[in-house]
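**Student:** Please find one structure pasted underneath; my questions will follow.
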Amino acid sequence: MNMKNRTLVFKSGDEDFEAGLLKAADIIRTGGTVAFPTETVYGLGADALNADAVHKIFKAKGRPADNPLIVHIANIDQCSKLAEEIPADAIKLMETFWPGPLTLILKAKDVVPDVTTGGLNTVGLRMPDNPVALELIRRSDTPLAAPSANTSGSPSPTTAEHVIHDLDGKIDAILDGGPADIGLESTVVDMTDKVPTILRPGHVSAEDIRKCVGDVRIGYRDRTLEEGEVARSPGMKYTHYSPKTKVILIEGNIKDVHKAMTEIVSDCHREGGRVGLFVTEETAKVVNADEICSLGKRNIPSQAARSIFMGLRHLDDKEIDLIIVDGTLKKEGIGTAVFNRLRKAADRIINV
Ligand code: TXA
Ligand code: MG
């Protein structure tokens, strides 16, 4: 019989959490894997400088080996050990947005193993804004390589339960710090060119970065790459955030989206199918189906950010044949990042 290894779970607020943190740091120092909360999503951490430990992350997630990991640090001084030629603009961004949901791509020093950088000569650095994450990094006394703590390709985890669902028995421990505040992964910015280039949108917006350093380029697409296209960030070429259930995103003006949604629901019902809606509060008053999950208020996209991965996972657990996502959500601010994830998660996008 194939015995499952046990994954330890320590919950913030519980009496033994202090001991749990010590145990988790000990696991990291001895080359193990620990999932931990951040303000964006849960990360799956290992000692970034220990190649064997980092391999375990790839194995647990089923992650392609050429997709590099973000290295998490607890103070700005750690950067100079991991990266060289740190531009003045990068320091400005660190001082403005760290700790926070911003990852900076810099030229890597040789101490960072190839497995961490996916064989690139650059490394992504980020200081998370979460007390449990920062405490774990400090006590481990080493930077933590950490991708999102989900099975590769599935929606990112915003609670410890999501991590358990995907990785129980495959990792050594989980620190449960409650639901993630932001709910969407960090903004990734390449600082190796003269002009900073956004490789993945997040809570820190293009406008925030432009205000801080004067200029910024958009280097991401909302869809996975076409054949023959070259990815600047290896993560761009893989499918992402996809539930097992088919996902249709409908974008356009509000009335047309509601009409198209109603039609697709009736088509599916006619064929004996069941439909889940992932919609704004406003749309939920107009369109109905078999399961409904809320994206929050149409004009407050931070609510959608917090619920997007939770909602996709929740609907994916229901007996439904189709998930329809409401594209009437406001596309400003973090709405840009929400649409980036929704478009990547969708099997089909309908523009009406
Ligand atoms: O908010 C976050 O960033 C979360 C938490 C745990 O910190 N982490 C996260 O990691 O989302 P992951 O591995 O799921 O996504 C990292 C993204 C990938 O698309 C990867 O390709 C890109 O960052 N990336 C990492 N290092 C890079 C590098 N050196 N050059 C270009 N892209 C890089
Ligand atoms: Mg991820």
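Count begins at 1; order follows the chain as displayed.
Glycine is treated like the rest: Cβ placed from N, Cα and C.
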**Student:** Which one, SER80, SER140, SER156, is listed by TrEMBL in the same ATP site as ARG63, ASN67, SER148, ARG200, TYR241?
**Tutor:** SER156
**Student:** The L-threonine site in TrEMBL includes THR40, THR122, ARG126, ALA146, SER186. Which of HIS72, HIS240, HIS258, HIS269 is also listed there?
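**Tutor:** Of the residues offered, the record points to HIS72.
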**Student:** Please report the DSSP secondary structure of SER156 (ATP binding site), reduced to three states.
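**Tutor:** Note: SER156 (ATP binding site) is coil by DSSP, not helix or strand.
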**Student:** Taking ligand 1 as the reference, state which of the binding-site residues THR40, ARG63, SER148, TYR241 have a Cβ closer than 6 Å to one of its atoms.
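**Tutor:** Among the binding-site residues listed, those whose Cβ sits under 6 Å from ligand 1 are THR40, SER148.
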**Student:** Quick one: give me the count of other CB atoms within 10 A of the CB of ASN67 (ATP binding site).
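**Tutor:** Looking across every protein chain shown, the total is 18.
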**Student:** Near ligand 2, meaning Cβ under 6 Å from any of its atoms: which of the binding-site residues THR40, SER148, ARG200 fit that description?
**Tutor:** SER148
